[in-house]
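These features come from TrEMBL:
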DOMAIN    B:7-133  domain 'Urocanase N-terminal'
BINDING   B:48-49, B:Q126, B:172-174, B:E192, B:238-239, B:259-263, B:269-270, B:Y318, B:G488  NAD(+) binding site
DOMAIN    B:136-344  domain 'Urocanase Rossmann-like'
DOMAIN    B:348-541  domain 'Urocanase C-terminal'
ACT_SITE  B:C406  active site
Number of protein chains: 2
Amino acid sequence: MVQKTQIRAPRGTTLSCKGWQQEAAMRMLMNNLDPDVAERPEDLVVYGGSGRAARSWEAYEAIIRSLKQLENDETLLVQSGKPVGILRTHANAPRVLIANSNLVPHWANWDEFRRLEALGLTMYGQMTAGSWIYIGSQGIVQGTFETFAEAARQHFGSTLKGKFVLTAGLGGMGGAQPLAVTMNEGVCLAIEVDESHIQRRVATGYCDTIAYTLDEALALVREACSAGRPLSIGLLGNAAEIHPELVRRNIIPDMVTDQTSAHDALNGYIPAWLTLEEAAQLRQRDPQEYIRRARESMVTHVRAMLDMQKSGAIVFDYGNNLRGQALEAGETHAMDFPGFVPAYIRSLFCRGKGPFRWVALSGDPEDIYRTDETLLELFPEDEHLKRWLTLARQKIQFQGLPARICWLGYGERDRAGLAFNELVAKGIVKAPIVIGRDHLDSGSVASPYRETEGMKDGSDAIADWPLLNALVNTASGATWVSLHHGGGVGIGYSMHAGQVTVADGTPEAAERLARVLSNDPGMGVIRHVDAGYEEALTHAQQYNMKIPMR
Amino acid sequence: MVQKTQIRAPRGTTLSCKGWQQEAAMRMLMNNLDPDVAERPEDLVVYGGSGRAARSWEAYEAIIRSLKQLENDETLLVQSGKPVGILRTHANAPRVLIANSNLVPHWANWDEFRRLEALGLTMYGQMTAGSWIYIGSQGIVQGTFETFAEAARQHFGSTLKGKFVLTAGLGGMGGAQPLAVTMNEGVCLAIEVDESHIQRRVATGYCDTIAYTLDEALALVREACSAGRPLSIGLLGNAAEIHPELVRRNIIPDMVTDQTSAHDALNGYIPAWLTLEEAAQLRQRDPQEYIRRARESMVTHVRAMLDMQKSGAIVFDYGNNLRGQALEAGETHAMDFPGFVPAYIRSLFCRGKGPFRWVALSGDPEDIYRTDETLLELFPEDEHLKRWLTLARQKIQFQGLPARICWLGYGERDRAGLAFNELVAKGIVKAPIVIGRDHLDSGSVASPYRETEGMKDGSDAIADWPLLNALVNTASGATWVSLHHGGGVGIGYSMHAGQVTVADGTPEAAERLARVLSNDPGMGVIRHVDAGYEEALTHAQQYNMKIPMR
Ligand SMILES: NC(=O)c1ccc[n+]([C@@H]2O[C@H](COP(=O)([O-])OP(=O)(O)OC[C@H]3O[C@@H](n4cnc5c(N)ncnc54)[C@H](O)[C@@H]3O)[C@@H](O)[C@H]2O)c1
Ligand SMILES: NC(=O)c1ccc[n+]([C@@H]2O[C@H](COP(=O)([O-])OP(=O)(O)OC[C@H]3O[C@@H](n4cnc5c(N)ncnc54)[C@H](O)[C@@H]3O)[C@@H](O)[C@H]2O)c1
């Protein structure tokens, strides 16, 4: 079965389902596959190379059908993108429970995953693809903005003005990089092997311009840097070719990172010296050879980054497991540059801060602007938040249902959620709002090469935390809860959980929101208290959190 | 900190906690460490070599304290045996959520686990140790009885009368084997390297007699077999020495299996030709060498079993990963004999049948006898159940709080649970009853060398199911829910979930029991429908289960 018509979530207040919770799940699943949102909707791929919203079109249709029939005291079970059962639970239980891509650890490798995928038994859920809360590039712009802002604060006096930032990959998430750099006033050169991806970023205003030769691109970089003018350039090319060439020419950027889909060597990374077409053919003909060549190119790519680091560039891994792949392919120094989490994000996590996001089910951008205003009123003292919301409104085009993201912590998310629920109750916004987050969050993920890299107590690989997070969100009454394996760093390397809760303006929703939006980031504070972070303990004490062994 | 006094759960109706749900969790944790129940209570080890109830004595005390303070709308989080937080949830949410021994898959090996354990960051939860629903050897007697009964049905006309069954390991679970064999009228020779373990089984009536030499043991076996008289003999010795000797003498048993703790090569298996003391010293001095020698012995052990199979014995693996270890140590034929689940248990799983168990919090054995009678009234047509309950009452000594187990399926467990709740409501039993199960169950585990070995659709390694099971039980309002990694087959080889729900006689408990005891085994039916088992589909249709893609 092949989907013939394009998918677009219904807007407005007419329900297709028996309640707003089911309706929200249905619209968000559809929105994940909206051609304005998804990278390859025809293959059900939302982002990240192979991150799917449903296992097959049959499964997609069956999920939609199930959601339409689902009672307000029932729960739909989704196993790797396929609806497998509907059970009677109760009104305060989630309407949907999702487990995607999970494998028994000894079998948790790409070969076994692909074998099972080919048998039709699983799918790759990424982080927000299979959990129906991807909101297009904006989602990641904020995280990237936060990361570059923190890096700028640590290394360059809080601005990237006049600084040359080199990266690669302008896909679903990586496409946010040029905008996040210019929002921090810097100059971004992003290497991307697929011209249509660059064009897409230019069309949506995330990237300023496209270049076809390195010389042309470097001229633009130089000019903008010396003028102190923000600029982003997408250069058509392969990072494993361009980066070494820069080293050869002794051109050392101020900052280097990467967002090719290196975590998935077969589908996410184009080996050097192949055209897209040749790569597609090789992938088809000899997948093992493809993987070998992709990994070989990653080694070249990483070596160039290491050389730049030695020459004084600030280099960090942006959570795509590029280092891990290069390490496996034999580059023993691959881990010599840090991941972005220990470098720039951990101290936010200690306060339960992470990617809080929400979507207006009305489809009306004005609803999002109302929520923006509400946040500015709620947190008038937060200059950083103000800056972000102002820039976001100017620079970010909505994709699919209008959405917003900002990083909020424990003690803030519940206040925001309740305020949004009030907006719905009072009719200030036109329809309910769904509130969720990325799986990349303070207490929801175990990922030793990314979110939990270099934990203070050495607990990087302990995976109890995301499981507890999913159980807690289920116990708190989130509308849907998901548990994934793999995600941004690939099969074997992470486990993580998500939650989405609907603000439909009812008092019952207010109770659920108060619980979920405290307990969910609360798990992040608890996890970091347990690992021995003083900052987390201070935050926990300030809020009188109950932590038995402290 | 070392625990000085022995632990014994309170009996009767005086509460130490703010509700029966918290009280039940507290008593069951304590009961797991009762010296009549636990194998090494001084080390917090309940069973299975290293399966613990809490991470440390400090953690144990903190859990007890937390449970005493826990409100009726709060939830305690336990991360690998340590209480890490108390969050506000709601009355219908679990009171305790537990995640034990979970590791990110790429790091899910014994070395990393032991490193993290030594750092004090995790503990081994086994299946019912860290989830507080171990009930001593009885728990496993029933499963073993079911397995031998089914094997007898398939191979020997429904009885083991006059048959010679060889096994090894009389530990916490393995100790059930001699009794399960004699309950099926057979003759059991169990090799056990630790004399005190044999004595213990003899003292509790699980094993009839002890032998110190092979000749003595074989004489007893011959005599009993020819008389058709049930008999069980514990022979002091090492399976890796005795089994090859039997082959050498061409003495071939009718049936062979094993329950040494082979899944844990360092703590669970004694290499051949070492005394217990020498083994302890080597384990201390050179753990790597210990593991090498243990695995080498397992290969010898497995080869003898393979030889017996070739000579006509019925040989099966009893879920201790002996085959997997031998395979890793180079015995390529290790998997030539089947696991017990595909051989004997899967068809029960298709109907959601699994190890339903319950415990009388009053401490009064009479309460259990009342529940026995209730079951016989509820299911008068079930001859097998009647036989088991009659034998159990005659042969099984309670350990710790009185408990009972029997295998019930989807459509039966909820009826039993509601009937027990009625017994509490009417005062026919003296205190509430807790109802739980083993993690080894129809829809709660992914374990390719045991419960999900050889699934019809090849989905052995898909781990979404136990995660969904834990989420569903949380959504349904179980009193405590647990998610473990490792268990009986060891780190890397399984993920599994547990639930325990309290019948306190209230209408609210009745609602929770009705949901949990339908949805929990329901997941088992759904999992097997999804894998393509006709038997499961028939069962699902009979009960009008909602399965979207069928
Ligand atoms: N910080 C984080 O936590 C975080 C956030 C977002 C994404 N990620 C990770 O970043 C990666 C990218 O995510 P995405 O959603 O943008 O993926 P994507 O697959 O949509 O995009 C990857 C892009 O890289 C390009 N590319 C592949 N090989 C290349 C090469 N050799 N040279 C130049 N370009 C190449 C592809 O053409 C594609 O446009 C993923 O691994 C993802 O998991 C991490
Ligand atoms: N069917 C199942 O699903 C199932 C049920 C119960 C137990 N198990 C598995 O069976 C194993 C045993 O469980 P347990 O709780 O009894 O463990 P345990 O550690 O309490 O007992 C193991 C026993 O084996 C003995 N032993 C070790 N090496 C030996 C050797 N070489 N020769 C003879 N005896 C030896 C030990 O002295 C000990 O008494 C575990 O691996 C467990 O996971 C599986």
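Placed from the backbone N, Cα and C atoms, the Cβ positions cover glycine too.
Listed in sequence order, the recorded positions among B:G172, B:E192, B:Q259, B:C406 whose CB lies under 6 angstroms from an atom of ligand 2 come out as B:G172, B:E192, B:Q259. DSSP assigns B:A262 (NAD(+) binding site) to coil, not to a helix or a strand.
For the domain 'Urocanase N-terminal' (B:7-133), the DSSP-based tally of helix, strand and coil residues reads 41 helix, 25 strand, 61 coil. Long-range Cβ neighbours of B:Q259 (NAD(+) binding site) (same chain, at least 6 residues apart, Cβ-Cβ under 8 Å): B:T167, B:A168, B:G169, B:G171, B:M173, B:G174, B:Q177, B:Y318, B:N320. If you count neighbouring Cβ atoms within 10 Å for each of the recorded positions B:A262, B:I270, B:C406, the highest count belongs to B:A262. The separation of B:C406 (active site) from B:E192 (NAD(+) binding site), Cα to Cα, is 27 Å. Under a cutoff of 8 A between CB atoms, and with a sequence separation of 6+ in the same chain, the neighbours of B:G172 (NAD(+) binding site) are B:E39, B:V46, B:Y47, B:G48, B:Y134, B:G136, B:S137, B:I140. The separation of B:C406 (active site) from B:A262 (NAD(+) binding site), Cα to Cα, is 27 Å.
For the recorded site, B:E192 (NAD(+) binding site), the DSSP three-state label reads strand. Cα of B:I270 (NAD(+) binding site) to Cα of B:C406 (active site): a distance of 32 Å.
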